[in-house]
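According to TrEMBL, the protein carries these features:
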{"type": "TRANSMEM", "residues": "24-45", "note": "transmembrane segment"}
{"type": "TRANSMEM", "residues": "52-74", "note": "transmembrane segment"}
{"type": "TRANSMEM", "residues": "80-99", "note": "transmembrane segment"}
{"type": "TRANSMEM", "residues": "151-169", "note": "transmembrane segment"}
{"type": "TRANSMEM", "residues": "181-202", "note": "transmembrane segment"}
{"type": "TRANSMEM", "residues": "273-292", "note": "transmembrane segment"}
{"type": "TRANSMEM", "residues": "312-333", "note": "transmembrane segment"}
{"type": "TRANSMEM", "residues": "342-360", "note": "transmembrane segment"}
{"type": "TRANSMEM", "residues": "380-406", "note": "transmembrane segment"}
{"type": "TRANSMEM", "residues": "427-448", "note": "transmembrane segment"}
{"type": "TRANSMEM", "residues": "460-480", "note": "transmembrane segment"}
Amino acid sequence: MNPNYRDEHELFMNHHTGSSPEKVLVVSLIMPLAAFALKLVSPWLWTYDASFWVKVITEIVLLVFPLVLCLTIWNSHIILFISSLSAVCLSLILLNHSIKCLLGSRKKTYESNSSFTQSKYVLIPISFSSFINAKCEELTDKPQFITNMRAHVLLVTAISILAVDFPVFPREFAKTEEFGWSLMDVGVGCYVFMNGLVAPEARGKINQNRWTSVFKTFLSSCPLFVLGFGRLVAIKATNYHEHVTEYGVHWNFFLTLALTKVICTISLNALPVYVHVVVPVLYQYLLSHYKMTEYLLSDERKGFLHANKEGLWSLFGYTAIYLFAVQVGKLLFKPRDTLKEWLIFLGYLLLAGGMFWIFMHFSVENIEPCSRRTANLSYVLWMVAFNLIILAVQLAEIILTSLLRTQKLMLGPRTILISKDKEKEQYRIIVVEAISQNALLFFLVANVATGAVNICVQTLYTSSLIAVIILVCYSSFFMFRSKCFIQVFSAI
């Protein structure tokens, strides 16, 4: 890469102050709302036995394209987009209600045909009391809302890591330099939280031998170590631009995630359960009373430890986020037999998310502003609150979808007489499942594609229209070409 352009690009990526935590939260609602809209629209577009590629292309158009536009040329109209999409969803529900009423008026006609019985086909709704006391297939065994959340986080992150290199990407969404909130600041925090949420300790899969558990975690983290060192070598070999103040001179996201998993496994097996509360408090004490914040935000880079001070010291904050997530996971994976119990859990999530949101603002105003670079107490509280709220939104989307299905308000001209055993297949989102099941591979493909685009294109001089076209092609490329889609295709 041309040294002059490299320096110009690094300058372009510095000194961002972000926006507000509320705006970041609103932007993060786009994906779950778009997924809900897709489930409402899909019965009008295809049946469960439609072509695999027809489904995937439609999902990309309805999920990926709107996200790309909202992160670029529509960024100042996000509230309008969310409001419009909500209005479309409400209109479809009302339309489906009209169809259900029409079917109810013709009930006798259907009952006269022996091939369409109530026990096999979904024509007659059930009562609400029966609904809340029934089980939901999407919430048994492996809850679907966790899969959805992981996929949505990865998708937003994958698009953002390339979009940020174009001027069309709002600078308020780019990673903050010292203090502040931004969309890209939540990426690593959400990924760490999601890993802790489904950790073996959270799911109750604990080995009697503590060191066996630690050894297994280390082995599972080896691919992350390899990717971390591989990324370091690739960046230095190609003279690729890098944001040094993000993690340090040699550090990166993969090394942070790998060490966080190992450290947390050791902590959970050797330290008391309340360690997740003690770690961020003690770390913040060091930051505030020993001028650690000033040191971490300084330009001192002599020696390996000083060169990678952000990556090394921020491990305390990410460890706290991971440990918090493990405790949430223990509550999440408790057996629940009915939707009523999940509704109660949803209330707890919203209450806890609101409380941590208040704690975060209190910490910002009275202790220290939020900083992803140092992963301080304010950042830890923000990430816990943010993830709890998004988790609650994802759970609410699953419950609402289940309610609409049981009340026959997700019908369509192509799926009016769909049988119950095919109903689940109808609302399956292939893109989400593929990304979630192959998260590391997906993120790797996205990073490689981002590097390839930056080497081939001088993104700083690209017009808004060309940038959006590149982002759309880029998103479609790693969707279609990654092995995650091939695996899903071969399994169908």
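Any Cβ shown, glycine's included, is placed from N, Cα and C.
Contact between the transmembrane segment (380-406) and the transmembrane segment (460-480) is absent: fewer than three CB pairs lie under 8 Å, with pairs separated by 6 or more positions in sequence. Sequence-distant neighbours of the transmembrane segment (24-45) (same chain, 6+ residues past either end, Cβ-Cβ under 8 Å): 58-59, 62-63, 66-67, 70-71, 78-79, 81-82, 85-86, 88-89, 92-93, 96, 148, 152, 155-156, 173, 181-183, 185-186, 386, 389-390, 393-394, 397, 400-401, 404, 410-415, 426-427, 429, 432. When Cβ-Cβ distances below 8 Å are used as the criterion, the transmembrane segment (312-333) is approached by residues 143, 146, 188-189, 192-199, 201-204, 247-248, 251, 256, 259-261, 263-264, 267-268, 273, 275-276, 279-280, 283, 292, 296, 305, 345, 348, 373-377, 379-380, 383-384, 387-388, 391 of the same chain, each at least six residues removed from its ends.
Residues 5, 8-9, 12, 56, 60, 64-65, 68-69, 72-73, 158-159, 162-163, 165-169, 431, 442, 445-446, 449-450, 453 of the same chain lie 6+ residues outside the transmembrane segment (460-480) yet bring a C-beta within less than 8 angstroms of a C-beta in it.
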